[in-house]
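Worksheet: the structure to be examined is printed underneath.
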Amino acid sequence: MSTSATSPVSAPPRSSTRPPVLEIGGLSVDYGVGDGAVRALHDVDLTLRRGEVLGLAGESGSGKSTLAYAVTRLLSPPGVITGGDVRYHPREGEPVDVLAMTPQELRAFRWQEVSIVFQGAMNSLNPVHTVRTQLTDVLKAHRPRMSREERTGRARELLSLVGISPDRLGAYPHQLSGGMRQRVMIAMALALEPEIVVMDEPTTALDVVMQRQILRQLVRLREELDFSVVFITHDISLLIEFSDRIAIMYGGRVVEQAGAADIYRDPRHPYSHGLLHSFPALHGPRRELTGIPGSPPDLRAMPSGCAFHPRCPKAFEPCGLRTPHLAPVTDTGTDTDTGRSVACWLNDDRRSGES
Amino acid sequence: MKFVLQRLAFYLLTAWAAITINFLIPRLMPGDPVQSLLARYQGQLSSKSIASLEALFGLDRDRSLWQQYTDYWASLFRGDLGTSFTFFPTPVSEVIAQSLPWTLALVGTTTLISFLLGTGIGIFAGWKRGSWLDGLLPVTTFISAIPYFWLGLIAIAVFAVQWPLFPASGGYDTSLVPSLSGAFVSSALYHAVLPGVTVVLSAMAGWVLGMRNMMVTVSSEDYVMVAQAKGLPERRVMFSYAARNAILPNVSGFALSLGFIVGGTLLVEMVFSYPGIGYVLFQGVGAKDYPLMQGVFLIITLAVLAANLLADLLYMILDPRTRKEG
């Protein structure tokens with residue numbers, strides 16, 4: 001990463017002033033209904049601003065992917081959205097509520113406005129169709145007036161955009177390497193020039209060299225095409241390099257949200273601190289790795305109060321009793337308001353939480 | 001292309017082995033079929049046909065096994081499968097030529113219908129799980145669990161005897177002369193209703209179940225989720241992403257079942273006395289008609305082989321992963 005915007009050491013552009021493109025408010029998701037229901041997302045508030053890279057980090061089961069699927073209404077049963085709203089702000093016109101869309105509206109919205117690069121490139125492409133078919137059918141569905149030649153032309157263009165020779169258009173997925181498949185998926189995600197691209201652990205299945213190559217390509221594409229990115233991963237050191245803002249999730253809640261550099265310098269939530277110190281930093285001075293004791297909470301039996309308190313080294317009296325809410329905090333180091341918020345009693349003991 | 005040629009070579013080899021076994025079996029059998037036949041047709045067989053029978057069954061002691069083998073191949077290429085005893089003196093090839101179209105028409109059509117219907121229902125049942133179509137599954141499974149001959153007999157008892165809506169047996173009205181006239185064709189269709197419907201009913205459940213389960217499996221694949229996320233029309237996701245992949249096992253199953261069209265319908269044709277090849281085989285077995293049995297077995301073997309080849313080729317067309325590079 002050579003650009004300064006993606007380096008953790010220099011200050012990132014303050015993205016809190018940009019207009020929002022996606023506003024998530026009080027979003028809750030259950031798996032199952034009735035007594036057996038498990039709450040995977042609790043009142044999640046999150047704002048994605050135009051042109052920024054928002055990182056979502058957390059352990060397995062923290063609700064990162066559930067959040068991404070809920071926003072695009074792709075949750076498959078038994079996942080149910082039980083509350084909240086998701087507002088999409090188009091470049092022109094009034095914001096629309098994604099959760100209230102009719103199936104037709106939803107189909108038009110998907111990929112045109114929000115596209116997704118899924119976890120596991122190996123299975124994201126249909127093995128029986130060529131790359132061409134899978135790149136062009138999305139154009140056919142959303143751009144019915146495009147001719148066959150135009151669609152093929154666009155598909156060739158997209159492949160070269162991600163650094164794949166356009167003559168691989170006729171190839172089947174099994175004839176491509178894992179890295180190429182993931183790049184085809186990225187090309188596909190950009191086919192309609194969407195406003196938002198959700199990347200759900202896009203590089204997890206790839207080796208480190210390929211990860212960096214693909215991320216570098218993503219950074220370049222994002223600068224060229226100016227879309228917003230929701231980047232989901234458990235690899236927080238990757239996020240710190242790559243994103244403008246980071247939201248840390250634990251047990252279905254956002255526990256801390258701040259600029260990437262702020263989180264790196266001064267994580268406020270003990271969980272963020274633990275997460276940061278369980279990965280080696282890619283740049284900067286060496287630090288001791290500590291990790292987080294214990295294992296992620298069981299969603300069927302969440303601890304009372306703050307879900308993290310049984311594993312928290314700094315837990316004190318209110319933590320087991322009351323649930324802290326995400327609330328803005330001012331940075332101690334800088335004097336500006338960075339739009340940072342934390343859900344932890346350590347940071348604010350004046351606030352009251354639910355019992 | 002190289003792959004296709006390899007497969008073809010493989011099937012030619014298999015066909016050769018099957019025909020050779022078909023040649024050897026009567027020669028390895030204990031007892032002497034010719035003697036039992038001579039006993040049955042006392043005085044009616046000319047010495048010439050006795051000689052040909054002996055040649056056919058490998059009883060010609062003057063010729064070596066190798067010579068008999070080459071003779072057998074020579075007569076095969078002439079389309080000469082010997083003379084049937086049951087339908088004496090009709091040649092076996094003619095008996096088969098007369099009965100095969102009936103079987104192909106009845107069982108071919110019903111196999112196709114049950115495949116298309118069953119797969120279609122399976123696609124919808126698997127795509128919209130929990131709909132009323134799921135309620136149909138136990139019913140079809142129940143019907144397919146009934147032994148076929150019993151289902152056929154019940155159908156005859158109810159729809160041919162109790163309420164004589166359909167004929168109980170035969171392939172056409174015996175007062176008509178087989179031809180392509182309208183009266184004959186409609187009579188043949190009328191006679192085919194009862195056996196046809198029972199075959200479709202009993203064969204369909206397998207296709208429904210197989211297809212539904214594959215649809216359920218494939219629907220949870222990532223690429224189906226991707227197709228949904230792409231905002232493709234529902235139909236496109238359902239057919240082009242889910243069903244297109246889920247149908248692969250059913251297609252090879254279908255191609256294989258084509259092979260059994262020729263031979264696997266003994267029960268249907270027995271129950272309905274349908275003039276197809278299964279009924280002919282049944283009669284041949286009852287009358288110890290060795291040339292006829294040998295001829296029918298040969299046709300069945302070749303049909304199964306051809307269906308296997310078809311299954312291979314179909315699979316190759318439908319699933320690019322099975323194609324070899326270059």
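From the backbone N, Cα and C atoms, a Cβ is placed for every residue, glycine too.
TrEMBL: automatically predicted annotations, no manual curation.
For B:100-311, the entry in TrEMBL reads domain 'ABC transmembrane type-1'.
Remote same-chain residues near the transmembrane segment (B:102-127) are listed as 133-134, 136-137, 140, 171, 188, 192, 195-196, 199-200, 203-216, 219, 238-239, 242-243, 246-247, 250, 254, 257-258, 261-262, 264-265, 268-269, 274-278 (criterion: CB distance under 8 Å, separation of at least six residues from the stretch ends). According to TrEMBL, the transmembrane segment annotation covers B:102-127 (among others).
Residues annotated as transmembrane segment in TrEMBL: B:139-163 (among others).
Positions annotated as transmembrane segment by TrEMBL: B:183-209 (among others).
Taken from TrEMBL, the feature transmembrane segment covers B:246-272 (among others).
Per TrEMBL, the feature transmembrane segment maps to B:292-318 (among others). Same-chain neighbours of the transmembrane segment (B:292-318): 3-4, 7-8, 11, 14-15, 18-19, 22, 25-26, 81-82, 84-87, 92-93, 95-96, 100, 247-248, 251-252, 255-263, 277, 280-281, 284-285, counting only residues six or more beyond its ends whose CB sits under 8 Å from a CB of the stretch.
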Intrachain neighbours beyond the transmembrane segment (B:183-209), with Cβ under 8 angstroms and 6 or more residues off its ends: 105-107, 109-111, 113-115, 117-119, 121-122, 125, 136-137, 140-141, 143-144, 146, 148, 151-152, 155-156, 159-160, 166-168, 170-173, 176-177, 250, 253-254, 257, 265, 268-269, 271-272, 274
Long-range environment of the transmembrane segment (B:139-163) - Cβ separation under 8 angstroms, sequence gap at least 6: 118, 169, 194-195, 197-199, 201-206, 208-209, 267-268, 270-272
